[in-house]
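K.L.:
One structure, as structure tokens, below. Some questions next.
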């Protein structure tokens, strides 16, 4: 009886149970894992405890430092670095200055520049007005197919470069426009329109074969150098510098700048200027229109654009005339585009003009003055102060 009861009450030991018991026994004998440390740190292990509050304070301090733009030293003076935003990896802050230096070398390369007077010297059947009408129509095409503005800027660049070295009659000007936009779309767009779309937008005036042939002619003329820096490329950085100077991010400044930049595409007289100079002129005029009682230029903008206010005079006055419809008044596509809600109706919201505005602009860009009509006080542009 006792032997039977003992068998019933004993714990059954299986093969799995033996394995678990052996594993527990070996774990008890194994020493605890310790973090490897440098030999010199061994005597100081008792002093390495850090409070949680100190860690949080250090993190907060680091975060506050990265939220502000870094300061760079140049010629013994610390200046705000608008590219020093490490929280945005897409800005490539450590490489920004090198990238824009490379873009500047590209924009001054004669192979990538149109002739400043190609209509007078090369073309026989194309006028500045025809060019303006073509660009105005291409703005409508870009809106129809939801094409980004970078594509539009590249398109106009291709047109000017092609017309600088190839004589074209007016009947083929529209063909040049859609073929140039086809190339730019393939370069910039994720889902570019196809050849049939561009034939359709011309009411099938040109066949698919004609568009493809013109595309090949353009690429051959450009020697396949299609990645030019445009006004929009450089305007992005200059806008950040302008907003940093204002100590705030202002969408109105951004939208108004985009509007003025696209207006500059309409005028043949802007072809002779580098994209960086046009972009700097756009920033100058934008700041002047938004804050007419404050000088629109500063040492920060001069540093990042490479231009003084006097360098921008002629281009600023041309864009200002476009803004007031004194130039290209019949070209309405850009103005209609910027009357939309998504851009804050910017083309209609900023049509008010001070009586002395044009004269003030001339004085600002021509002379190093501190005081001028309206008793507005400005600093000498030769000084380094903002």
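Cβ from N, Cα, C; glycine included.
Where the annotation comes from TrEMBL, it is an automatic prediction and has not been curated.
Copying in the features that TrEMBL gives for the protein in this structure:
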DOMAIN    136-220  domain 'Cyclin-like'
DOMAIN    229-347  domain 'Cyclin C-terminal'
DOMAIN    233-321  domain 'Cyclin-like'
K.L.:
For the domain 'Cyclin-like' (233-321), how many residues does DSSP put in helix, in strand and in coil?
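P.N.:
Split into helix, strand and coil, the domain 'Cyclin-like' (233-321) gives 69 helix, 0 strand, 20 coil.
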K.L.:
Could you break down the residues of the domain 'Cyclin-like' (136-220) into DSSP helix, strand and coil, giving a count for each?
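P.N.:
For the domain 'Cyclin-like' (136-220), the helix, strand and coil counts are 63 helix, 0 strand, 22 coil.
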K.L.:
Limited to the domain 'Cyclin-like' (233-321), I'd like the whole-number average of pLDDT.
P.N.:
90
